[in-house]
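The ATP binding site annotation in TrEMBL covers K188. Feature annotation from TrEMBL assigns compositional bias 'Gly residues' to 1-11. Per TrEMBL, region 'Disordered' is recorded for 1-30. The repeat 'ANK' feature in TrEMBL is assigned to 69-101.
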Amino acid sequence: MSSDTCGGGSPAQGSNEKGSSTSSVDKQREKARVSRTSLILWHAHQNDAAAVRKLLEEDRSLVQARDYDNRTPLHVASLHGWIDVAKCLIDYGADVNAQDRWKNTPLADAEGAKKHNMIELLKSHGGLSYGQNGSHFESKPVPPPLPNKCDWEIDPSELDFSNSNIIGKGSFGEILKASWRGTPVAVKRILPSLSDDRLVIQDFRHEVKLLVKLRHPNIVQFLGAVTDRKPLMLITEYLRGGDLHQHLKEKGALHPSTAINFALDIARGMAYLHTEPNVIIHRDLKPRNVLLVNSSADHLKVGDFGLSKLIKVQNSHDVYKMTGETGSYRYMAPEVFKHRKYDKKVDVFSFAMILYQMLEGDPPLSNYEPYEAAKHVADGHRPIFRSKSYLPELRDLTSQCWAADMSQRPSFLDILKRLEKIKENHMTLEDSMKLIRMVYIPFHPLTSSLAIPADGIVNTLSSFVMIDFSLTGFRLFVPEFNHE
């Protein structure tokens, strides 16, 4: 009987070990796949045909890799006209008619970029474009319609750039401080060289379409746009305080009360964006995209909606079918890095990283390069709490907001409630400490006799709670006021 029991137990134990081992192997494979997906897209963008070929020799399936816009390496190569990279991808079986999230094929991209040699190459391998006879595709898409322009289309002649200065730069353009009808404004100006790029125009109009609808004290205010002439421009209010990234770089760790107020501002703006049924997922929430209203740094607004996604929610528990890397690696949720389905809780994760940075002073995982930091987080690691000023309640909130399981992260409405409670408790504690510092009576450390008469003070108080600091030379009398 004993022998039977032992014999029956061995396979089960072996099975568990095998299952654990298999799970570990699967995780390693998934980690490697995500890394290789990013690499092949990068090498395709860099016109490195040799590196692309090496990756495909190791894993042919990478030829169908997709980024967050559902674009394949062939889309990337076609847009830039990288013939050698495209030939390599086609040799390994790339789908020449793959469609991105705008339903564009590689040939459509090549035509839009006027890459004539690429157009010929793709057509010779059966490449199709929109509206072509016999094509299985829809007619060529047009940019999404915008709301009525009469209220917000700005005449570029009204923009005064005479005393302008650059306050930000990006891959598609630059942001300048300018003047519009005598009012300081921030102008996002698309580079002239990209003004004919269909993808850039698509993203620009998408951002305008989002901003037109937004009205909230903690969201950067959209004022108008230039869409009828080039260069394309997007105009928002100008916030004098700069961005949170620069503020933290200059100031370091914030006082807990300041960090709480900043966190409340961010959470209010994000709770507004996440309101159903038209949920807006920011997807790139980071200190650079959080702006200070003025130099006093007493109010924040969330901005830069270039990567934001508008989702119509049918069910509050919906998981939106979006995958791929979007946003900044250091603040990126693990499910995004792993190219898994995600929802609005990706913004909650990014919020946790910002809260951590405000209280610690340094960016999360600052000892890692951004991409390596994202990999470290995806592997289950989190930044280490070091600051002594990190209130236990804030530490708990941060930990829940960056939970690996996105369903375990609180909503921004829940975050707001908790932050308000934390603020209330913190203010009560601070007020008590101020009172303690104000009401103290020195005494002689050797005789323990009062150095000043306390009659006048005692008459105004109903009682004292006395704390004895014998070695410091004074006693603290914490007053208990009579509220009758």
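Note that the numbers count up from 1, one per residue, in the order the chain is shown.
Quick reminder: no glycine exception, Cβ is built from N, Cα and C everywhere.
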Would you count the other CB atoms within 10 A of the CB of K188 (ATP binding site), including those on all shown protein chains? 21
Average the pLDDT scores across the repeat 'ANK' (69-101) and report the rounded value. 91
How many helix, strand and coil residues does the repeat 'ANK' (69-101) contain under DSSP? 17 helix, 0 strand, 16 coil
